[in-house]
Ligand SMILES: Nc1ncnc2c1ncn2[C@@H]1O[C@H](COP(=O)(O)OP(=O)(O)O)[C@@H](O)[C@H]1O
Ligand SMILES: O=C(CO)[C@@H](O)[C@H](O)COP(=O)(O)O
């Protein structure tokens, strides 16, 4: 039986997933790695931690599944987006990677807006946001000129891992779209953007489709991973593009909700024509010549894991969330905004921080836990509202990510989004999408759509409950006021942050 491997290079961990030709999961393995927050708003990781984690996870996968390595036909990748890896002439990182949730680059964003003017949205289809890659490049050039002088090329996280495994330098369109250097509709590095910032095209890797084969494993890496040296390696895609593939978001009318470290509401776009004027992100899909629009909550799952790590460190998520179904919508008057690291959609703001509003002497930990989940979901609902305002029908949402593991949260999503929420049989999120790119790239299917028909299996549907829908509509109205009413307070508190 032939197999493929999907690697999901996330923010908290790398997950390796083994799938057989029917789409059944034959094994999984995970390796965690640290995040470094040297200052408030900074977020970095060591690129070689990703490589070691990936090799370790694959080796464990092969050991534990006890399958013959030569039956693995291909491997592909899903990667956390936007993170900057700068390589010197020898192919070594010149510093730690600066991640998607790092917000140190506000000044560089303003510089990009001033330099490119209307060209920014026309070419890149996105506004300048702190998390994107170009602002990070400009930040390193300005603040660490000696390091920048050593840098000859930039990569994104999964591209660095793939480079270490194959020795080949590439980037796929879906990930390149999040750099602010790509002409998104034209599918090429933008000569105008590069010239405006004095960057040479040689600073950017060659562009490829997500399903393209970019090489085979280097013999010494294959040995460490326990794989054959001839194992084919396919480019892969941005985690949200892979999440979309893995949940079958491959045609118009389909919407995804992903609650990982970040949270995403994503809608398929068959062409590049829809203009959201930068209110939501607009990126190339991992499916050739398709696109997607999405709104992003920076601290979605991160808000819940922050709450758990701070107040219930030794408990599991299931223990922490036991009993929240007994708390009514609104958590007995407690409201949370998930702005722990600033926000993106609909408030692109690196200064705002989170709030609990309405703390009452009767509140117990379960009320706080429920309020955190409701606040995250309200934030994602802001993106659902934007899509509906843009004329999209959002009546069915496929829910993936760590947040989809809790049935109470899935019902809450249905009630807050006022839409059917679908959970998948094997909730593997972006890792499944990565494995599907390897399966399609290996020639198992004539299209990604055909692969999705076989691999993506819907398990259950959560229908909106009218009483909860009504309660949440009132609460959402209150939630939407908290941003404006806490903005100045957070600006004033800024000087007290590390
Ligand atoms: N059992 C669970 N119930 C509810 N939420 C969970 C559960 N397990 C994980 N999560 C949430 O999912 C998040 C991790 O999701 P994941 O998709 O693995 O993230 P990433 O790909 O960003 O590393 C955690 O931060 C947590 O908020
Ligand atoms: O910045 C974005 C999307 O624009 C994030 O979605 C990252 O791609 C990281 O995602 P997760 O670690 O939450 O999967």
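Count begins at 1; order follows the chain as displayed.
Glycine too: its Cβ is placed from the backbone N, Cα and C atoms.
Straight from TrEMBL, the features:
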type	residues	note
DOMAIN	3-246	domain 'Carbohydrate kinase FGGY N-terminal'
SITE	8	site 'Important for activity'
BINDING	81, 82	substrate binding site
ACT_SITE	239	active site, proton acceptor
DOMAIN	256-441	domain 'Carbohydrate kinase FGGY C-terminal'
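Counted over every protein chain shown, other Cβ atoms within 10 Å are most numerous around 239 among the recorded positions 81, 82, 239.
Ligand 2 lies under 6 Å from the Cβ of the following recorded positions, listed in sequence order from 8, 81, 82, 239: 81, 82, 239. Secondary structure at residue 82 (substrate binding site), as computed by DSSP, is coil. Counting every protein chain shown, the number of other Cβ atoms lying within 10 Å of the Cβ of residue 8 (site 'Important for activity') is 32. A Cα-Cα distance of 7 Å separates residue 8 (site 'Important for activity') from residue 239 (active site, proton acceptor).
Cα to Cα, residue 81 (substrate binding site) and the residue listed as 'active site, proton acceptor' are separated by 7 Å. Residue 8 (site 'Important for activity') falls within a strand segment according to DSSP.
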